[in-house]
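Inspection log for the structure reproduced underneath, given as structure tokens.
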């Protein structure tokens, strides 16, 4: 809060909507309050008292002219009224925020000026607020409304908050990523992306890649310790999927996201690096899915002409195909975290699990640095293999309007782990039951064919790679293929799936995944508990 605690408390009687109100500002609590005060003297706040945290005030404006309100007789007795307007955050239902304002009036010009200067001084002391932002707008994503959403909803709020911007409307894929590699980002307080999860992924890769490049880190090395970026990323949802925004804010509302950016919220989230043969393939923050979700996204890419309905169509087609895939998974359980995938403790703003897990990881890193012990060598990898309908790794709940709980309702945003969900081969009916549970309050992990682990690393190799690496299995493969050929009704998987990496198709028969704890920061605070 900076110098906030040094300011003196203010108590005055002002007018709000033609009603006399007692108004107080308590810098120590960073709180502005007002309540009705029928009598001129001091009064205690009642049930009708309103308040706003100074940190959630957007701006304070001087009001020069007297608005033509339908006034009471008392109002007409006030000569030459002066006023100031406080623009603030107002919470509404379902985690949405709205811009609201309240105007305070007084006949005393000096009193109004004192309030104006005091509030502005407190706002200037909030050093976490951005002043200059670089904005990338995807005009093609979702329903093609990105530019309109920014101009109509976001830009006026940024102007009100005295935030200056440089805007780039992207014209081709990966333009945002390429731009962030090329330009000097030192003059910006953050990067804002207007679009869906694909647009966010571009900015994420650009920010992480540029940071590692500047630090001299080779991101292709699977064991490289990546350097966190100081640049925060803001997401204005305007895409076909807004999973990251929904999971970190609680809604996919553009105005809500803009207000989180304005007040300078900051939330550190985990990022997974995905490698194959010492080559970085991609980074992931939400879903890394093989099998069902991989096939779904691959099929939907061929049907972009269908618009958003392509996801429903491809989902139904993939479900009916009921394809399963064979492979081997090895994973390192996340011993450092205090939570588990089925503990009924969702990640919320100011999350205790994320704080404690981060501290525990830092302690482990210190011990390894001084050679006291290597936690990874002491922990045991677990190995499992079989036939899977889906393999999902989630760094967050992956919640969305259709699935408010998400793929893993109790996954955490910054605990340095990923929830690894294995859906083994089962009947089509049972798989449907599993999918339906994502839309209600029932436990989707409560099936014999579903396993879930909280991990910090995992490797996957498809059966095809294993067979290719082992020449001695060639005859067995031919025998396996002959059996399938002789029995057309056989549903054995003869192909390999693709990966769904945050909504993008990724082709790799084997991958190595590592979670990097709280690697990037967003203009968000996590989902708040609703009263």
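Here the Cβ of each residue, glycine as well, is placed from N, Cα and C on the backbone.
Look at Swiss-Prot and you will find 1-125 tagged as region 'Required for binding to sulfatide and phosphoinositides'.
Annotation comment: Swiss-Prot describes 1-115 as region 'Essential for enzyme activity'.
Positions annotated as domain 'DAGKc' by Swiss-Prot, on the basis of sequence analysis: 128-278.
For residue 197 (active site, proton donor/acceptor), the same-chain residues lying six or more positions away in sequence with a CB closer than 8 A to its CB are 239, 241, 242, 243, 244, 286, 502, 503. According to Swiss-Prot, the active site, proton donor/acceptor annotation covers 197, on the basis of similarity to another entry.
The number of other Cβ atoms within 10 Å of the Cβ belonging to residue 340 (phosphoserine), over all protein chains shown, comes to 16. Residue 340 (phosphoserine) falls within neither a helix nor a strand when secondary structure is assigned with DSSP, and so counts as coil. For 340 (among others), the entry in Swiss-Prot reads phosphoserine.
Around the Cβ of residue 408 (phosphoserine), a 10 Å sphere holds 27 further Cβ atoms from the protein chains shown. Annotated phosphoserine per Swiss-Prot: 408 (among others), in sequence order.
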Mapped DSSP class for residue 408 (phosphoserine), helix or strand or coil: coil
Measuring Cα to Cα, how many Å separate residue 340 (phosphoserine) from residue 408 (phosphoserine)? 11
